[in-house]
Amino acid sequence: MKISDTPNTSSTITGFILLGFPCPREGQILLFLLFSVVYLLTLMGNGSIICAVHWDQRLHTPMYILLANFSFLEICYVTSTVPNMLANFLSDTKVISFSGCFLQFYFFFSLGAVECFFLAIMAFDRYLAICRPLHYPTIMTRRLCTNLVVTCWILGFFWFLIPIIIISQMSFCGSRIIDHFLCDPGPLLALTCTRAPVVELTSSTLSSLLLFIPFLFIMGSYALVLRAVLRVPSAAGRRKAFSTCGSHLAVVSLFYGSVMVMYVSPTSEHEAGMQKMVTLFYSIVTPLINPVIYSLRNKDMKHAMKKLLGT
């Protein structure tokens with residue numbers, strides 16, 4: 001991994017500079033305090049869901065086991081970016097090492113891939129529960145649930161592995177400044193000595209497949225769920241069926257809405273400010289909101305949370 005002033009001469013350097021959110025020192029301290037609070041609330045919210053599912057026997061079902069694993073994933077997801085962001089707010093140099101940059105790149109995008117797959121299997125679980133209620137206990141067994149969770153993690157961590165390894169072996173020329181708060185492939189590829197259209201195409205294709213395959217699967221699952229719910233004769237039955245899906249649909253809308261703005265919108269790649277704000281929303285704000293969505297819209301989870309908090 002090298003950087004040079006011209007394509008013909010190269011010298012090894014210590015890393016890149018993450019600009020983050022440029023502002024006066026006082027603003028950096030305020031941002032540090034703000035994101036510290038957001039990070040702690042995210043850890044507490046998702047950690048509470050994990051503890052509630054672990055300690056409440058009534059929540060030892062596939063739906064809540066998946067939710068607990070999803071909450072653990074959210075904790076890992078924010079931890080891949082926020083601690084380094086907090087350190088940068090207090091740093092004068094804002095330097096991230098080569099190894100640190102590419103490790104963050106790998107974990108951030110791998111965990112994002114795992115989240116896409118998780119949202120898909122959570123939709124599959126809701127489809128089975130509503131459309132195949134009599135067969136649900138025999139199909140969605142503890143073993144199948146575990147296998148699905150393990151498959152999500154394995155697929156997610158292998159999805160971007162080859163492009164990341166290739167990019168990490170490329171030479172970088174000129175400026176080493178990344179106008180972002182994390183190591184993103186777009187700004188990194190812009191710093192390479194020579195254009196790598198094959199690598200860019202591969203990364204773009206993998207990102208598109210990762211977004212659209214699970215998304216289409218989720219939409220297909222909920223189309224079947226909607227058809228089944230509309231056939232339920234009682235209004236109370238329809239409300240109950242919709243309530244079991246509402247939280248998940250809200251999370252899917254928040255995550256995919258922001259990610260698709262980021263990677264599908266033709267203007268997003270040209271505007272660094274917009275890029276940062278959208279990335280900030282789906283990588284930090286969404287994991288903060290998710291526990292609130294699941295807790296407020298689910299009676300069993302609300303009861304378990306009250307029991308956990310002793311209220």
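Backbone N, Cα and C atoms are what each Cβ position is placed from, and that goes for glycine too.
Model, not experiment: these values are computed from the prediction.
Under the heading domain 'G-protein coupled receptors family 1 profile', TrEMBL lists 45-294. The transmembrane segment annotation in TrEMBL covers 29-52, 64-83, 103-124, 144-166, 209-230, 242-265, 277-296.
By the count of Cβ pairs under 8 Å, the stretch nearest in packing to the transmembrane segment (209-230) among 29-52, 64-83, 103-124, 144-166, 277-296 is 103-124.
Among residues of the same chain six or more beyond the transmembrane segment (144-166), those with a C-beta under 8 A of the stretch's C-beta atoms are 62, 65-66, 69, 102, 105-106, 109-118, 121, 124-125, 185, 196, 199, 202-203, 206, 210. Mean pLDDT for the domain 'G-protein coupled receptors family 1 profile' (45-294) in the predicted structure: 85.
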